[in-house]
């Protein structure tokens, strides 16, 4: 990734008091070459979610760029001016805000496989995500900024650090993992109580439908308690990420739901 080649982990472990994210918990982070969601700047810079760049007078609505830990709400006009060129550079590269999608679910559910199925149209060999993957996905003339967040127990508390400005959630369930369907339900319902996700569209993927003995989409629907979601735009689909089955239908529905909100 951009910063791992240039910085020591200690240099990017600055704790943001507002979003309570600490990159020390994410020792392995993958960021695509373009667009540059992160930048390394010479000096004692650390990383913070872009929405907190309002401390320098320049909010970027959730985009991730670098700021100095010395910046605060009393930043001088000169400091704002010096940082303005950097932020203008990012605005020019990133252009208008894309649809922001989070792919969430327990570890092993198939989130990363789905991400790269959507992006490159084929199965890509993956390893467990420690931290996140972020990619641009274009589907039917819509551009999505898709964040695939790790699902391990130690990482799930940090999902909330990424909720801001989210347009939709793709929640992936391993239909063959009957032992943890209760945990998956708890994580989903806990997440949906967050105010930052109040208007986010929800797509549930009952994944691994090609596995023998897996739960049906109806059983997953009931096990997750989706019937209780009264004020949420949502839909559930049966999918097999490895075979590519069901993903087109899910993305068609999501694209239409997002376009109807414009």
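Glycine is treated like the rest: Cβ placed from N, Cα and C.
For residue 208 (GTP binding site), the same-chain residues 6+ apart in sequence whose C-beta sits under 8 angstroms from its C-beta are 109, 110, 174, 175, 176, 214, 240, 241. According to TrEMBL, the GTP binding site annotation covers 105, 106, 107, 108, 109, 110, 111, 112, 151, 207, 208, 209, 210.
Under the heading Mg(2+) binding site, TrEMBL lists 112, 129. In this structure, residue 112 (Mg(2+) binding site) is part of a helix by DSSP. Packing around residue 112 (Mg(2+) binding site) is summarised by its Cβ count: 24 other Cβ atoms lie within 10 angstroms of its Cβ, all protein chains included.
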Exercise. So for residue 109 (GTP binding site), how many other CB atoms are inside 10 Å of its CB?
Worked result: 25
Exercise. Non-local Cβ contacts of residue 210 (GTP binding site) (under 8 Å, 6 or more apart, same chain)?
Worked result: 240, 242, 243, 245
For this session: For residue 107 (GTP binding site), just count the other CB atoms lying within 10 A of its CB, please.
Result: 18
Exercise. What is the number of other Cβ atoms found within 10 Å of the Cβ of residue 151 (GTP binding site)?
Worked result: 23
